[in-house]
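Worksheet for the structure shown next.
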Amino acid sequence: MSAGTATDTTDLDSFFSAHLAETDPEIAKAISQELGRQQHEIELIASENIVSRAVLEAQGSVLTNKYAEGYPGRRYYGGCQFVDIAEELAIDRAKRLFGCGFANVQPNSGSQANQGVFMALMQPGDTFLGLDLAAGGHLTHGAPPNVSGKWFKPVSYTVRREDQRIDMEQVERLAQEHKPKVIIAGGSGYPRHWDFAKFREIADSVGAYFFVDMAHFAGLVAAGLHPSPFPHAHVATTTTHKTLRGPRGGMILTNDEALAKKFNSAIFPGLQGGPLMHVIAAKAVAFGEALKPEFKIYAKQVIDNARALADTIISGGYDITSGGTDNHLMLVDLQKKGLTGKAAEAALSRADITCNKNGVPFDPQKPTITSGIRLGTPASTTRGFGVAEFKQVGSLIVQVLDGIAEKGDGGDAAVEAAVKEKVHALTDRFPIYA
């Protein structure tokens, strides 16, 4: 083809029509294998879920081609009239879901949403209060390796040793002592409800902003089955996956117009450039799904299933931190059995039950070893598991853990093989994307 001539039409036809399996069989194979893993394994990672085919379609749409720096009606690029529709729908649906006045749907993750709040409300070196990571907090709430722990001065509150519930007396004492600019409620491993009204009272007493990170339980809030951060919080952030069952991403919510402007500026141009419009469209689809009556039924089942799973594991002789759960997750404390989270995660994985090792309050083990595992019910509930199935899952987990307790970290191969067979029989009854 000579210089200056049009691209060969055969090449163009292939570019626009060839499927992934034709153009990149290695990636196509990896995706196919991951679909098989999701179909045949029981997913109990509390931060994971399974999205609808409609969400997949939106995220894989031509909106991936469009740059749209700025906000709807105020873009720095032309040709944004249709992606504006998608973002405006996402914003409107988010506000309806959570009963708030303002929503920023552009954060690429929950971590970036949290960073945006920090940028808007604090200066480097300012003090904030958050739940200790070891007690169920989150990396972005002041862990030393995270930017939140490097740029700011985190002060951590924890849970009471006797019942593993938030120590509100300690929260109040630390707030009075350190006078933080921001107080955070929320975390990644706390299975109980939060006293948002009391947190706001404490924040007001020291002139602090009250910030709720509801990444894990936002879907339960949207369904009206978990206390809402509003009207207590000055700001709330969330991921859009987990219990909200959307694409991976983040969001900032508030009722304060002045703060909303600060959050918008913090996200763009403060932290991000062009937003991911295909992901924002997928967020809008998921929010639309969450506004339907069926989502409330789903969210209630998530909670019922979590309680059934926790009760079954307790009946099997294992401890659950705080004695149970109010939401979608639980921490299994393995200390009295002499087990580690690392060994438990590996053994369950061999039986095709997926979870993650997790620290428990006052854990003597290193974060890479841990004394517990975290379990969650959103993904398996999405595929149709009910209370009966989760009781069976709990029994299977106990069998695998007992095998480690009896035979060491290598586990009981015969038990794990038998459990794996039962896992496949169960997952075959509940296909995904069939």
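Even glycines carry a Cβ here, placed using N, Cα and C.
What Swiss-Prot says about this protein:
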| type | residues | note |
| --- | --- | --- |
| BINDING | L133, G137, H138, L139 | (6S)-5,6,7,8-tetrahydrofolate binding site |
| SITE | H241 | site 'Plays an important role in substrate specificity' |
| MOD_RES | K242 | N6-(pyridoxal phosphate)lysine |
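Where Swiss-Prot records a feature, it is marked here on the structure.
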{"residue": "L133", "record": "(6S)-5,6,7,8-tetrahydrofolate binding site", "Cβ contacts under 8 Å, 6 or more apart": "L139, H141, G142, A143, S156, G359"}
{"residue": "G137", "record": "(6S)-5,6,7,8-tetrahydrofolate binding site", "Cβ contacts under 8 Å, 6 or more apart": "G130, L131, A143, S156, G187, S188, G189, Y190"}
{"residue": "H138", "record": "(6S)-5,6,7,8-tetrahydrofolate binding site", "Cβ contacts under 8 Å, 6 or more apart": "G130, L131, G186, G187, S188, D213, A215"}
{"residue": "H241", "record": "site 'Plays an important role in substrate specificity'", "Cβ contacts under 8 Å, 6 or more apart": "S47, E48, N49, V51, P247, R248, G249"}
{"residue": "K242", "record": "N6-(pyridoxal phosphate)lysine", "Cβ contacts under 8 Å, 6 or more apart": "A46, S47, E48, N49, A215, H216, A218, G219, P378"}
Where G137 ((6S)-5,6,7,8-tetrahydrofolate binding site) sits in the secondary structure, as DSSP reduces it to three classes:
coil
What does DSSP assign H241 (site 'Plays an important role in substrate specificity'), in three states?
coil
Taking 8 Å from the centroid of the Cβ atoms of L133, G137, H138, L139 as the cut-off, which other residues in that chain fall inside it around the (6S)-5,6,7,8-tetrahydrofolate site?
G130, L131, D132, G136, T140, H141, G142, A143, N146, G187, S188
Other CB atoms within 10 A, centred on L139 ((6S)-5,6,7,8-tetrahydrofolate binding site):
16
